[in-house]
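Notes to accompany the following structure.
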């Protein structure tokens, strides 16, 4: 589910069939994650201005992903944080990673004590901000919870050349847990050329990509095209549309909605 920035929207999107949500994270000038907020402009047909304070949103997300909580959704297994680091200087990326890790540790993971269980993808728009990953990782180690990195994956969302993305991961010391996004706002059309390159990298013996997702897909025809290209995930404003297509006979044998027992960091071999 795309652009889920208010706590009330978590229920809304999961009830429509989403097993994953994407949330925008904006930063203040000191690189603190401040709001879950997208702002104007955003996808056609959506309200761009829903928001929460980041730490408040994490509290709601924790409840939605903690078994036994009254707000728990068993189906919600993955959260993509779309990190709006464009407002930061390049040299603040490490600090942003540090502060993000501290916020998640406190407000989502409950300091490692029965916190939220969802897998997290840190989605970064700029390859030059790879040190955000370093800062995040080193902070969890320093705070004595390196095991939480098992729950964390990565994405560079700028539609960069696949080879350049590989170099950024090398600099960040990342060797797994890689999701590769490709896409554009639903107001515009985008072909599947780069998606096919990403899928080819995923399926090659020496690729760096574990999963490929495509955004923002709102129509049945474009959903089918993306599935035919071999994507692992689809980001949408209308989870019920994707669920409908997945129930068509052409797709039921090959695709299903992932559950918590599926490993989001493992490349699917069919």
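For all residues, glycine too, the Cβ spot is worked out from N, Cα and C.
As written in Swiss-Prot, here are the features:
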type     : residues   : note
ACT_SITE : 2          : active site
ACT_SITE : 38         : active site, nucleophile
BINDING  : 22, 24, 82 : Mg(2+) binding site
DISULFID : 42-48      : disulfide bond
DISULFID : 44-187     : disulfide bond
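The structure, with features from Swiss-Prot marked on it.
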residue: 2; record: active site; contacts (Cβ under 8 Å, 6+ apart): 22, 43, 215, 216, 235, 236, 237
residue: 24; record: Mg(2+) binding site; contacts (Cβ under 8 Å, 6+ apart): 3, 5, 36, 37, 38, 82, 84
residue: 42; record: disulfide bond; contacts (Cβ under 8 Å, 6+ apart): 3, 48, 185
residue: 44; record: disulfide bond; contacts (Cβ under 8 Å, 6+ apart): 185, 186, 187
Same-chain shell around Mg(2+) excluding 22, 24, 82, C-beta within 8 angstroms of the CB centroid, reads 2, 3, 4, 5, 23, 25, 38, 80, 81, 84, 123
If you rank the disulfide-bonded residues 48, 187 by how many other Cβ atoms lie within 10 Å of their Cβ, the lowest count goes to 187
Counting across all protein chains, other CB atoms within 10 angstroms of the CB of residue 38 (active site, nucleophile) number 23
Neighbouring CB atoms within 10 angstroms of the CB of residue 82 (Mg(2+) binding site), all protein chains considered, total 25
Under a three-state DSSP reduction, the secondary structure at residue 82 (Mg(2+) binding site) is strand
In all the protein chains shown, the tally of other Cβ atoms within 10 Å of the Cβ of residue 22 (Mg(2+) binding site) is 25
